[in-house]
Each structure stands twice: as C-alpha cells, then as structure tokens.
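Peer 1: Below, the features straight out of Swiss-Prot:
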- 55, 56, 106, 135, 138, 268, 269: carbamoyl phosphate binding site (BINDING)
- 85, 168, 230: L-aspartate binding site (BINDING)
C-alpha cells in the first residue's frame, strides 16, 4: 500500500485508519527482526518535553538514534529559556520546527499537539502526550505488542482494569482496537473510575460488544489481553483509596484459570496493582511491552520521514 503516513501529523488515534495502524505494526515487527540503522540518516528530530518523562522520552530518543537520526531538544520545558521568558507555544514551535525534520512533543496542556501542528510550517508533529487527552504512540506500541503475542488484531477479548475514567492509554487503545473485527471489551473499574460515557456511546454506535464489571477475577478466564492500569491515589481520600486499590490487585494466583495465550500488559509505572509474583508467570509481558516502544516509534518515525521504505 502507499505510505499515507509520509509527512503526516500524528496527533490522535481516531485520525489513523486501520490500514495505517497495520502498516506501523508490520513495520515495527520488521525493524525488530532486521535493524535498519540508516533509515532516517541526515534527519534531525526535535524531542521537546514540556513536562518530565522517562520511558516515552528515552524510548523516542533511542528509536531516533537506532535508525540513524540525530536528536535535539529538552526534557523539562519549564526550565528552558523559552518558558522563563514567557514565549508562547506557537512561537516556540515555529522556531524549533525550522531546525528539524520532525517534531516530537509532550505537553501538559490538552490540545497542545494540535496547536503545534498548526504552527510547525509543515514539519510533522508527533504527539508524545498532551495532558489527559491523547498518547498515540503508547497505543501504537500496545497494538504492536498485542499483534506480536496473539498473531492477530481481530477476534480478541480484551479487559481494561483500574482507572478507566482518566487513563488516556485506555481511551486511545479502545479507539484503536475498535477499528478491528470481532473485538469484545471488558471494562473493570469501580463506579467512580468507570469508562467515560462518550467512549461507551462510540462503541454502541459501532456495534462493538462490551460489558462493565466491578470484579476482575470473574472475567480473567475469558481473556486474551488483560490491560492493567494504576489507580491514582490523589483522586480519593485515604479510606476510599485503600478499598479501591485492594480490589484491583493482580496476583499469580488469580491467573491460574487464565487461557494459555493470555498476556498481561501495563503502560507502567506500576505501583501495587500487579504483584511481583506475576512477573515470573508466562502471562507477564509488560516489560517486553515497554521495550516494544522503541520498535513502534522507530516504525512511526521511518514512515513519517520516508515516502517509501
């Protein structure tokens, strides 16, 4: 297929087609098997993180260098002169984009990536997270990991557990998987952290099966993918948090009735929601998932910066 990702802004998952998602997943798999260290040789990529990040920033910068690109940028935008001097985001983007071939950006403000794409002078902007809005490259590595472990992206039973209300990774991955066939979702959360109504309405309109649960153990035997998330302590008082947290802790014992092919994923960092005894089960795949971020981001950068590979 033609590479429709060439020079495209990567702002949100709904703007990517199934075919584009499949192309990224396929390319990531190829690059994992056969490294291509000169794919973006002589290209310069800005890595601009206006809020602190560890995994996403290091993963992106590793990906850039592994396929031959050069990286410039910063990892804490609040400490840069452009922030201290009060420069607007649009002005910063116009200046930085004149130096580079692609612009990777994380920003605490929802909608910042889209704003950046309007002022980047045609330089493709890749959203590395904009507030609680979207985190599309996390979704790409999640999709690649699911395809790698299940050998398919159709015909899957997928559960999301924990903070489904505020978790941008959950929202984006749900929207991505909804583009595939015969997906069934299990949303496991306390009522206070249930999946947002707008996403459930999107699934209803598309005729996609889903069910709401407050108990994790009962759904595990039906699953191909169990996607755990962290319940954020700051959203509850102490007693309420303790109750909710204890209800959604995955242990090795809970996985005894799971399908052989079940993989446990987590966007990390984990706190208490997956016990360390799960790490040594054949179901644990969250550290490999994090590693796959490098391959998914290599694939995305290569496709955005090359008309053909």
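Just so you know, glycine gets a Cβ as well, placed from its N, Cα and C.
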Peer 1: Identify all same-chain residues not among 55, 56, 106, 135, 138, 268, 269 whose C-beta atom falls within 8 angstroms of the centroid of the carbamoyl phosphate site's C-beta atoms; report them in sequence order.
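Peer 2: Other same-chain residues near the carbamoyl phosphate site: 53, 54, 59, 129, 169, 267, 293.
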Peer 1: With an 8 Å cut-off on Cβ-Cβ distance and a minimum sequence separation of at least 6, pull the same-chain contacts of residue 268 (carbamoyl phosphate binding site), or say none.
Peer 2: 55, 286, 290
Peer 1: Counting only other Cβ atoms and using a 10 Å cut-off, which of the binding-site residues 85, 106, 135, 168 scores lowest?
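Peer 2: Lowest Cβ count within 10 Å among the binding-site residues (85, 106, 135, 168) is 85.
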Peer 1: If we check Cα distances from residue 106 (carbamoyl phosphate binding site), which of the binding-site residues 85, 168, 230 wins as closest?
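Peer 2: Going through 85, 168, 230 one by one, the closest to residue 106 (carbamoyl phosphate binding site) is 168.
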Peer 1: Let me know the most crowded of the binding-site residues, choosing from 56, 138 and counting other Cβ atoms within 10 Å.
Peer 2: 138
Peer 1: In whole Å, could you give the widest CA to CA gap in the carbamoyl phosphate site formed by 55, 56, 106, 135, 138, 268, 269?
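Peer 2: Answer in Å: the longest Cα-Cα distance is 17.
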Peer 1: Rounded to a whole angstrom, what is the C-alpha distance between residue 135 (carbamoyl phosphate binding site) and residue 230 (L-aspartate binding site)?
Peer 2: 16
Peer 1: Let me know the largest Cα to Cα distance in Å among the L-aspartate-binding residues 85, 168, 230, as an integer.
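Peer 2: Max Cα-Cα spread across the L-aspartate binders: 36 Å.
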Peer 1: DSSP secondary structure for residue 106 (carbamoyl phosphate binding site), reduced to helix/strand/coil, please.
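Peer 2: Assignment for residue 106 (carbamoyl phosphate binding site) reads strand.
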Peer 1: Using residue 56 (carbamoyl phosphate binding site) as the reference point, find which of the binding-site residues 85, 168, 230 has the shortest Cα-to-Cα distance to it.
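Peer 2: Spatially nearest to residue 56 (carbamoyl phosphate binding site) by Cα position is 168.
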Peer 1: 55, 230: which of these binding-site residues has the sparsest Cβ neighbourhood within 10 Å?
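Peer 2: Across 55, 230, these binding-site residues, the one with fewest Cβ atoms within 10 Å is 55.
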